[in-house]
Amino acid sequence: MAPPLLSVEGLQVQFHTRDGIVRAVDGVDYSVGRGETLGIVGESGSGKTVSSLALLRLVPPPARIAAGRVMFEGEDLLAKPERELGAIRGRRIAMVFQNPATSLNPIYSIGSQLGEILRWHEKLDRAAAEARILSLLDLVGITDPATRLRQYPHELSGGMKQRIGIARALLCNPALLLADEPTTALDVTIQAQILDLLADLRQRLGMAMVLVTHDMGVVARMADRITVMYAGRVCETASAATLFSAPRHPYTRALLESMPRIDHRYTGPRQLLPTIAGRPPGLLNPPAGCRFAARCPEAMAECRTTLPVETVVAPGHSVSCIRHGSQGIAA
Amino acid sequence: MEGSIALAAPPRPPGIWRQGWFRFRRNRGGMLGLVLVGLVVLVALTCFLVAPYDPNDQSAMLRGASRQGPSWAHLLGTDRNGYDVLSRVLYGAPTALAVGLGAMLIASILGTIIGGIAGYVGGMVDEVLMRCAEFFLVIPVFIVILAVVRLFGIMVVGTALERVPHLNLMTIIALLGLFGWPPIARMARAEFLRLKQADFVEAAICIGATRRDILLRHILPNALPSLIVLVALGIGGAILAETMVSFLGFGDPKAVSWGQLLYFNYESLKVAPWGSVAPGVAIFVTVLGFNLLADGLTDAFNPRLRQ
């Protein structure tokens, strides 16, 4: 098997605060193959965004990448000098941001904002750059691209801005696209359009994609494989089909159960949507054992004391759970 | 892509500056300020042509015609030293502008660099620079200016510096600039601090922007509108400050300054009020103009500040 395009090994990101060290990402491993879409799911504060920013060493202070390797195209991005990393950012690995309204600089027109990337990375002349930008705007489904080129971000709608954001990410034909909640700030109909666009572009351009989201519905339709994160650690990684049909980790199961479903009649006296009781642990002094133990309906005494190790339970399916991590079906 | 699309160039939509101008144009106070400032600038540029007399022409005194009321020969009369008041007031405009613009040029360069570094780097550097700004903020500027002008004036006697024209005025401008930067630095710090965390800055880093590009292309231009408001306000303040220094008799004896005209003439306020009123009005109009302009700019660039 060829080595994956991107593999993250033992990534740790820590926030050094006045109260102590917060382990936002505490030993995360995942990999993305060429042309593959990996969905990273987790609730707020699970470390999904920080871990994806860390790939490009973009964690804001006081955060620090404490350990780990990020192997991309055979090189460790965490060990590279800043200057060389600048040549990878935007060119080989590009990013689509959560909020299109604020991720475009308000004082430059779309054309000059996109042109700057080509100037940095490809040293294109003005005419060639403009032609490239126009064709990309066309590709991301923007009507009348020549007019848009001269417009400013505030004149465009949210969905349009996100399309521009995607076009910006694609300008240099990246091998990997990091999409951090690309649809969270958009309304539902636009969300669907943007997701379709991303799926279509990924297929056409053959890029790999890391899709970070808290929306199970989004990963369900987009991802080939899914990694579920909880409190800075990976709970479970499986192909999308397996994860939805046969989840192993109690957290994954609870997460899936608390998704509202249109074809499900909720039983019980008040017909409530099931939720996960309690809240995620503070990461300043995380519990000794499994991070989910306190909320886990199936927790055993051992779960509170021993950190579970990631175990492969089936090809392409790994779980970090003491109870459900064994090869056989746990009782 | 058909060529025809590119040929039919659509009208250029307004950017942040044009939009600011649209809002500014609707602001009556701001427009009045702009007109007043424009008037002062016009006078400063043309005083050499329109002034009826040389500003150093004291011949009226020799004719016994000092302290004369307005007449056709002297539209605003003559003052107690026999100068033509109108010519002196007109020639005061370039001095006032030189003081205001010069001092604020120094202050805004210092303030933007110091505040920008403090905000962008943060941490200990920020702490030290901002304490430094507070130190400059609490020093009584006037005392320093009076002392330095006086001491410096004595020190240069007999040296080559003595022959530098308007040395006193330049000292005052430099000092006003040197003590005027803290408010600008504070604003620049706040803006840099806010903007360095802006999503579009992060996006720029993500697409491989260098630090220089981030600072000069992404952060600074977005901070400028707030800074310009402060600078416009500071120009009026600097002019007023120089006026006060001159009024106390510490101004540049060779420069024609409104404050100095007041200083020369306040003693004959009862006999020849025009000698004091004319420069007073000039100061009032200029400072009011810059303050209204700053107000208008605030509304134009930060419309949310005033609901």
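The backbone N, Cα and C atoms fix where each Cβ goes, and this holds for glycine too.
Predicted automatically and left uncurated, TrEMBL annotations should be read as such.
TrEMBL lists B:31-53 (among others) with the feature transmembrane segment.
Feature annotation from TrEMBL assigns domain 'ABC transmembrane type-1' to B:93-294.
Marked as transmembrane segment by TrEMBL: B:96-123 (among others). Long-range contacts of the transmembrane segment (B:96-123) within the same chain: residues 40-41, 44, 129-130, 132-133, 169-170, 172-174, 176-178, 180-193, 196, 215, 219-220, 223, 227, 230-231, 234-236, 238-239, 241-243, 257-258, 282-283, 286, 290, each at least 6 residues beyond the stretch ends and with a Cβ under 8 Å from a Cβ of the stretch.
Here TrEMBL flags B:135-161 (among others) as transmembrane segment.
The transmembrane segment feature in TrEMBL is assigned to B:167-185 (among others). Nonlocal intrachain contacts for the transmembrane segment (B:167-185), taken as residues 6+ away from its ends with a CB within less than 8 angstroms of a stretch CB, comprise 95, 98-99, 102-108, 110-112, 114-115, 118, 129-130, 133-134, 136-137, 139, 141, 144-145, 148-149, 152-153, 156, 161, 227, 230-231, 234, 237-238, 241-242, 245, 251-255, 257.
As annotated by TrEMBL, transmembrane segment applies to B:227-251 (among others). Sequence-remote contacts of a segment are chain residues at least 6 beyond its ends whose Cβ falls under 8 Å from one of its Cβ atoms, and for the transmembrane segment (B:227-251) they are 96-97, 99-101, 103-104, 107-108, 111-112, 141-142, 145-146, 149-150, 168-169, 172-173, 176-177, 180, 183-184, 187-188, 191, 257-260, 262-263, 266, 283, 286-291, 293-294, 297-298, 301-302.
Using a Cβ-Cβ cut-off under 8 Å and counting only residues 6 or more beyond its ends in the same chain, the transmembrane segment (B:271-294) has close neighbours at 29-30, 32-37, 39-40, 67-70, 76-80, 85-86, 88-89, 92-93, 96, 100, 229-230, 232-233, 235-236, 239-240, 243, 258-259, 261-262, 264-265. The feature transmembrane segment is assigned by TrEMBL to B:271-294 (among others).
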